């Protein structure tokens, strides 16, 4: 049995950050376990190829939900990265923190140290923004954040239309104003995907005190007298055990972190018995409170060929790929997003309830080449992401077999208000496309279609078509009540030497993409762990006593 100080389970968006930060002290021995293999797909670093990489089973857990009872019993695809970097190696790379009040809401739930002022230094610590260091951005962190590039006329028309409708048009969604329209930003570094593996892990792999094992499937955490002491994992066809002298940190992600707690006997005792797992600690909240961002969309034909569709013709895309391979430039260095807007769908809200992504192509666009496959024509589309869903789902064990995928049900559209938000979102997007100057490029509505107008018709549409943004969170939620799984220091309640640090600890999912917030959670987790190791008291609160630059310097 090998001994380490810290064992990090999952080399994903959070685990790579923790492995980097904890092993920076050469006296600390760190083991990082990843169930997937290396992040070595030849197109993984090419931003435009992310959908192709996401479909590769070798790099994706390929989960799907149980039949969703409020969405026509459909099973919804739930991709999750299964490789170094986790989902940050297969996602869409959009850098978005959410609204400051998302974090203030966490603090209002009793989670000291998680208000926006307290978490901002951890965002800044990781970031190397294209603007350089400033009040709202870090300038020398490991994670590159690049600006959106646009060479078509759609982007300025989107911004002008937003202004005509009374929305703020911004340079930065992360500035003083967090609501309105602005260019998107991406975790892309000089034309290459900036996953947490590339940004945090790869540069430190030579550290002698850091051990990384890929294709190492964690079977369970061994717990003795309510203390996590070791990890049992399968590697190279053998079951091995590694002991942690200090702590075990679970960074396996939204679905696998609650699954591993359950496999280890931590969770609702009645469900554990049903799955054939002996309960070690009855913790009812494990696997509960699962949240996800539902999506609806609209699409229109364009009156002129100004979109992206022509660039998806096979021969042109081959040239684009060659350009990227040789110079890391051209259309392949980002997703074809032509602006993002954080919007409110009704009066009386204190923050946006949808995020609208605008695309100079269709939602279902694909590579085409006549005469073998036709393109879908010149179109543009917009996707509305519901930011604050009320519906709650769950993660449960399928069996006691660690290789069996977990059972996942999102309960999409269960809450009446979620259905109302999606209805209002479609109407807001239709209003947007009817407004000049974007309306001057717009032809017919291709989807949902002009006949789908009533509440009943829109609800039926969404039951048939709703998908998710792949932003699942909350099934190991922080909190102070009896349903909480983790406390404000990310410690599993009732089990010593065990923490969770990933999207599953969010008590309420943030109103934006989740990758940047998960990296922030990992940065904060590393600081909490090191502070506890060094006997620092009230560490999370002390940063509010410093100005922002002093806080960053203190963290570095």
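Here the Cβ of each residue, glycine as well, is placed from N, Cα and C on the backbone.
It should be emphasised that the depicted structure is a prediction, and the values quoted were computed from it without experimental measurement.
Annotated features, as they stand in TrEMBL:
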- 81-104: domain 'Glucose-methanol-choline oxidoreductase N-terminal' (DOMAIN)
- 87, 91, 92, 93, 94: FAD binding site (BINDING)
- 253-267: domain 'Glucose-methanol-choline oxidoreductase N-terminal' (DOMAIN)
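Cβ neighbour count within 10 Å across all protein chains ranks 87 highest among the binding-site residues 87, 91. DSSP assigns residue 87 (FAD binding site) to a helix in the three-state reduction.
DSSP states for the domain 'Glucose-methanol-choline oxidoreductase N-terminal' (81-104), grouped as helix (H, G, I), strand (E, B) and coil, give 9 helix, 3 strand, 12 coil.
Taken residue by residue, the domain 'Glucose-methanol-choline oxidoreductase N-terminal' (253-267) breaks down under DSSP into 11 helix, 2 strand, 2 coil. Mean model confidence of the domain 'Glucose-methanol-choline oxidoreductase N-terminal' (253-267) amounts to 99 (pLDDT, 0 to 100 scale). Cβ neighbour count for residue 93 (FAD binding site) (all protein chains, 10 Å cutoff from its Cβ): 22. Close to the recorded FAD site, the chain also has 50, 88, 90, 187, 513, 515: residues not among 87, 91, 92, 93, 94 whose Cβ is within 8 Å of the site's Cβ mean position.
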